[in-house]
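Engineer: These came from TrEMBL, pasted as-is:
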{"type": "DOMAIN", "residues": "A:18-79", "note": "domain 'CBS'"}
{"type": "DOMAIN", "residues": "A:90-145", "note": "domain 'CBS'"}
Protein chains: 2
Amino acid sequence: MIGKYTKSLLLENKESYLIPAENVATVLYSHPLEHALLVLSKVGYSKIPVLDSSDHLVGLISLANIVDRMMDLDGFNSEILDGLSVADVMEVDVASLRQEDDLEDALHLLVDASFLPIVDEDNVFGGIITRKEVLKSVNHLVHEVERRYEFVAREKEVNEKLNN
Amino acid sequence: MIGKYTKSLLLENKESYLIPAENVATVLYSHPLEHALLVLSKVGYSKIPVLDSSDHLVGLISLANIVDRMMDLDGFNSEILDGLSVADVMEVDVASLRQEDDLEDALHLLVDASFLPIVDEDNVFGGIITRKEVLKSVNHLVHEVERRYEFVAREKEVNEKLNN
């Protein structure tokens with residue numbers, strides 16, 4: 001469990017945590033793969049969410065997913081992509097969060113994912129939480145916490161050890 | 001400045017912070033670009049360090065750097081890569097750290113980079129610090145700090161506000 005003072009400091013910039021859907025590059029699962037490659041090469045992210053035509057989250061697609069598929073026995077061949085769609089190479093086993101989920105869940109899941117898609121109860125995509133934004137809050141926390149609070153060790157031994 | 005208790009908790013897993021050079025996929029600046037594309041598509045990172053033959057850090061190369069270069073007026077064409085080397089598309093303006101640099105510097109720089117290359121005084125590559133490893137330490141910090149310490153507000157008003 002994250003203590004209340006720590007959590008409060010981490011959440012002081014909460015409004016900046018979520019990058020809303022309208023500011024996130026996405027592709028449709030039915031898009032041609034070459035279109036996804038174009039978006040990914042321009043957008044500055046190596047992986048983006050894949051939606052259906054009703055904005056439900058259906059997967060993620062990365063540059064590596066597409067480049068992998070371009071490889072044949074002779075090397076890389078972009079013609080292999082002709083006729084393929086995003087659905088053919090996207091990752092479908094995707095960790096996502098509800099907006100009301102705990103900061104604790106987000107911090108754990110972000111150890112293994114560079115961003116987390118946020119969905120509502122109908123799985124409609126609402127935006128992403130990124131390691132980048134969370135690290136801004138972490139910087140705020142670690143710089144502020146001992147300015148605001150004096151730390152008193154709950155067990156005397158621990159404090160003595162740290163002071164030596 | 002990061003307070004001493006906070007820093008001490010963040011550094012309790014310090015040995016795992018640095019992923020040593022021998023465990024990091026790299027390419028030589030003289031390698032054919034198609035070789036870099038192969039390494040990047042297999043390695044699970046979207047960007048890796050570029051070294052010279054004496055292990056000096058000379059840049060970073062990403063899947064996006066290469067895919068960008070593959071694009072011509074008609075779309076993507078992998079033949080464009082023929083004859084190009086890593087040096088032709090790598091990023092050379094790279095933030096790096098010395099191993100003795102402060103955790104504070106690393107935390108700030110990791111807001112804008114998913115990993116930081118570590119170099120010695122001769123710019124020889126020694127490994128990387130990643131957002132992933134730092135987030136493991138952050139999880140440790142935020143879960144442990146209020147178990148170990150009682151927080152006493154330095155200014156009474158702050159504490160009162162948080163308790164309401």
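Including glycine, each Cβ sits where the backbone N, Cα and C put it.
Small disclaimer: the values here were computed from a predicted structure and weren't measured.
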Engineer: Taking every residue in the domain 'CBS' (A:90-145), what is their average pLDDT?
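Structural biologist: So the average pLDDT across the domain 'CBS' (A:90-145) works out to 92.
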Engineer: What are the DSSP helix/strand/coil residue counts across the domain 'CBS' (A:90-145)?
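Structural biologist: So the domain 'CBS' (A:90-145) is made up of 22 helix, 15 strand, 19 coil.
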Engineer: What does DSSP give as the helix, strand and coil breakdown of the domain 'CBS' (A:18-79)?
Structural biologist: 23 helix, 22 strand, 17 coil
